[in-house]
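Participant: Pulled these from TrEMBL:
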BINDING   A:Cys76, A:Cys81, A:Cys117, A:Cys121  [2Fe-2S] cluster binding site
Amino acid sequence: MAFEKVDEILEKHGYRHDALIGIIQDIQRLENYLPLETLRHISHRLEIPLSRIYYIATFYKSFSLEPRGRHIVKVCLGTACHICGATQNLEQMERTLHICEGETTKDMMFSLETVNCVGTCALAPVAIVDDTYYDAVTPEKVEKILSNYATESEGIESEKN
Amino acid sequence: MLVTLTINGQIIHVERETPIFEAAKKLGIPIPTLCHHEALKPYGSCRLCTVEVVKNKWPKLVTSCNYPAEDGLEVKTDTDRVKRTRKMVMELLLARCPHVPAIQQLAQKMGVKTSQFKKKGDEQCILCGLCVRVCDEIVGVRAIGFVGRGTEREMNTPFGIESDTCIGCGACTYICPTSYIEMVERPDAPGGRSLNKGELTLDSCPNSYVCENCDREQQFLLETMQVIEKFRRENEKRRSEQKV
C-alpha cells in the first residue's frame, strides 16, 4: 500500500506534532476512515507513539476506525430536536436503511450516526447528510431525503460506466 | 525559592511548586492516594488525595498531588468537607471495583463499608494511569495508552492487538495498584499484555522467581563471585607488586 497521499498530508502540515489532529482529520477525509496501517505509517513518520494517535482517534467521536459509507447521515438528538420528534426520525432512518445507529449499510452507501446538537435548533428536528442540512424532518420525509442520495450515487456510477 | 505554607495549622517551608502532597508527607500527615508514585509526574486521576486549600480567604477543594505550594497557602486535610469528598470518591471506586483487595482495604481504612451506588460490574482497572505513565516516562516506550473517553475509557494497546513496541519489561504489571495487568502468555486473556517477543525470550521463570534455592541462580551467583574474587586477587597482587 502506497502512502504517497498520506505523505503529502504530512508535508502540508510540516510534520508538526501539534498538527496531529489536523493530520488525522485530513486522513479521514482522504480514506473516509482511519486505517491501522495509515496510522502506523504516520506514527513512524512523525515519531509519535501509536498509542497516542490511537488515544486521540478514539477520544473524538468524529473519527472512525472502521470503514464508513459514502454518505454520512447524522441525526441530531439534541434537546430541541428530541422534543420535535428526532427519535421517530432516527427509527425511520434505521428501518429504511436496515441498519442500527452507528452502522454502515452493506453496499457501503450510508453510515448512520447520531449527534447531540449541531447548533441549529431553530431548524429542529435536523438531519444532516454529508454537508447538507435538512430542517423540520418528519418520518415521511426520511425516505425522500435518502432516495436523493441513493439515486444520485447510482447516477454518478452509471455515468462513469 | 522557599515558600511557607500551613498544613492543618503546622507551618512548613518547602521549595516553591512542590506539590502539597509532598509537603504533607514531610510533616507526616497521611493523605490517601492510588494514582501517585514518587518516580512519576503527578496526574491527579484518582481524586482521593483531595484537600481543602484556602487562598484569598476562599476555600476550595484541590487534588494535593498536583497542586503547587505557594506562599501563605492554608491547607486542611481533615475537614468534614474533605472527608465527605474522599468518602464519595471511595464509594464510587468501590462501586466500580467491588472485588479488588487493594480497593477494599483502602475503603475499610477510610471507614467506607458499602457503596450507595449501583455496582457497575467486576471492573479491575481504576484508570489511575500509572501503567500508561510508567511506560511513557520511565520505560519510554508508550506501548499502552488510554482508549476512548467517558464511561468507555479503558487502558489498552493501540487497536487492542499485540503491541509491536512493547519490550515486555513488566513495569506496568509491577506498578498496577489493583493487579489488573498481568504477565500472560495468552494474548486473548482479559487485560492481558501480548508482547512481540522478537529476539527476547520472555519465558516465565520455572521456579517462580525463588532465586535463593534455584540451581541456575546459584550457579550464576557462584560464577559471579568467582569472577569478583579473581579480580580482587589480581588487584591485590598488582598493588603488592607496585609497593615492592
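For all residues, glycine too, the Cβ spot is worked out from N, Cα and C.
I'd like these features described in context: how deep, what's nearby, how far apart.
Facilitator: Taking Cβ-Cβ distances under 8 Å and a sequence separation of 6 or more, the neighbours of A:Cys117 ([2Fe-2S] cluster binding site) in its chain are A:Cys76, A:Gly78, A:Thr79, A:Ala80, A:Cys81. Secondary structure from DSSP puts A:Cys117 ([2Fe-2S] cluster binding site) in coil.
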Participant: Determine which residues of the same chain, besides A:Cys76, A:Cys81, A:Cys117, A:Cys121, have their CB within 8 A of the center of the CB atoms at the recorded [2Fe-2S] cluster site, and list them by sequence.
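Facilitator: Same chain, not in A:Cys76, A:Cys81, A:Cys117, A:Cys121, Cβ within 8 Å: A:Leu77, A:Gly78, A:Thr79, A:Ala80, A:His82, A:Ala86, A:Val115, A:Asn116, A:Val118, A:Gly119, A:Thr120, A:Ala124, A:Pro125, A:Val126.
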Participant: I want to verify one value. Collapsing DSSP to three states, which class is A:Cys81 ([2Fe-2S] cluster binding site)?
Facilitator: helix
Participant: With every protein chain in view, what's the tally of Cβ atoms within 10 Å of the Cβ of A:Cys81 ([2Fe-2S] cluster binding site), excluding that atom itself?
Facilitator: 27
